[in-house]
Amino acid sequence: MRGTPKTHLLAFSLLCLLSKVRTQLCPTPCTCPWPPPRCPLGVPLVLDGCGCCRVCARRLGEPCDQLHVCDASQGLVCQPGAGPGGRGALCLLAEDDSSCEVNGRLYREGETFQPHCSIRCRCEDGGFTCVPLCSEDVRLPSWDCPHPRRVEVLGKCCPEWVCGQGGGLGTQPLPAQGPQFSGLVSSLPPGVPCPEWSTAWGPCSTTCGLGMATRVSNQNRFCRLETQRRLCLSRPCPPSRGRSPQNSAF
């Protein structure tokens, strides 16, 4: 059916209005500020929705529009109607995205990351698995080291054992692997049984988001007590409006 002249006029007016709105949002030629904006750590500079100027990509939970685009490298898309009261748009994860969110940052499927220098994690199927990088063994007092203690070493991630003498005077580092005869427990000979002894895993260190749980166990090649740690997730932290979610597990 052919439209009437009145219908044609209405359609033409609508096109003119849309063109005017886009012209206001996307000026021609491009007029961009110099120097470009400085983005927070981990936030990339991207072209705006007009393909004109470089802007800081919007992060998870932040408002977005045609000009202020979401960080596509983190699997974020601009979802209309996701703002307060169903108004506006927010940067959210795509429904089919299998990335992981840790401490307010997103990681892709298969990507490895370290939320702390003592832990290495891998993103898998929307979750993550982690392994500790520091030994958590327990040094028992011995004849040649009656007061072993673990200390933080400047410039190193993992604490180290030292043998304190005289209230901290004359401390000497203990070797990473004990010698054949030094008072330290060596690994068990083959065939010697080691009765398993472990405490229950303690509560998660955080009420929401990524945390740490600990226990004491002798399940190691030395058959001696050590403090073991593993990551825990009590429940996801609720996203904060206008800001990237934060986590204080580390």
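Just so you know, glycine gets a Cβ as well, placed from its N, Cα and C.
Database features (Swiss-Prot):
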type     : residues     : note
DISULFID : Cys26-Cys50  : disulfide bond
DISULFID : Cys30-Cys52  : disulfide bond
DISULFID : Cys32-Cys53  : disulfide bond
DISULFID : Cys39-Cys56  : disulfide bond
DISULFID : Cys64-Cys78  : disulfide bond
DISULFID : Cys70-Cys100 : disulfide bond
DOMAIN   : 24-103       : domain 'IGFBP N-terminal'
DOMAIN   : 98-164       : domain 'VWFC'
DOMAIN   : 194-238      : domain 'TSP type-1'
SIGNAL   : 1-23         : signal peptide
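Projection of Swiss-Prot feature records onto the structure.
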| residue | record | CB count, 10 Å |
| --- | --- | --- |
| Cys26 | disulfide bond | 16 |
| Cys30 | disulfide bond | 11 |
| Cys32 | disulfide bond | 13 |
| Cys39 | disulfide bond | 15 |
| Cys50 | disulfide bond | 15 |
| Cys52 | disulfide bond | 17 |
| Cys56 | disulfide bond | 18 |
| Cys64 | disulfide bond | 25 |
| Cys78 | disulfide bond | 20 |
| Cys100 | disulfide bond | 21 |
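The two recorded residues Cys64 (disulfide bond) and Cys53 (disulfide bond) have their Cα atoms spaced 16 Å from each other. Cβ neighbours within 10 Å of Cys70 (disulfide bond), excluding its own Cβ and spanning all shown chains: 25.
In the three-state DSSP reading, Cys100 (disulfide bond) counts as strand. Using a 10 Å radius centred on the Cβ of Cys53 (disulfide bond) and all shown protein chains, the other Cβ atoms total 18. The shortest Cα-Cα distance from Cys39 (disulfide bond) to any of the disulfide-bonded residues (Cys32, Cys50, Cys52, Cys70, Cys100) is found for Cys70. Across the domain 'VWFC' (98-164), the model assigns an average pLDDT of 80.
Using a 10 Å Cα-Cα cut-off around Cys26 (disulfide bond), the disulfide-bonded residues Cys32, Cys52, Cys56, Cys70, Cys78, Cys100 reduce to Cys52. For the disulfide-bonded residues Cys30, Cys32, Cys56, Cys70, Cys78, Cys100, a Cα-Cα cutoff of 10 angstroms around Cys50 (disulfide bond) retains Cys30. When the Cα of Cys52 (disulfide bond) is compared against those of the disulfide-bonded residues Cys70, Cys78, Cys100, the shortest separation belongs to Cys70. Cys70 (disulfide bond) has Cys56, Cys78 nearby among the disulfide-bonded residues Cys30, Cys32, Cys53, Cys56, Cys78, counting only those with a Cα within 10 angstroms of its own Cα. In this structure, the C-alpha atom of Cys30 (disulfide bond) lies 7 angstrom from that of Cys53 (disulfide bond).
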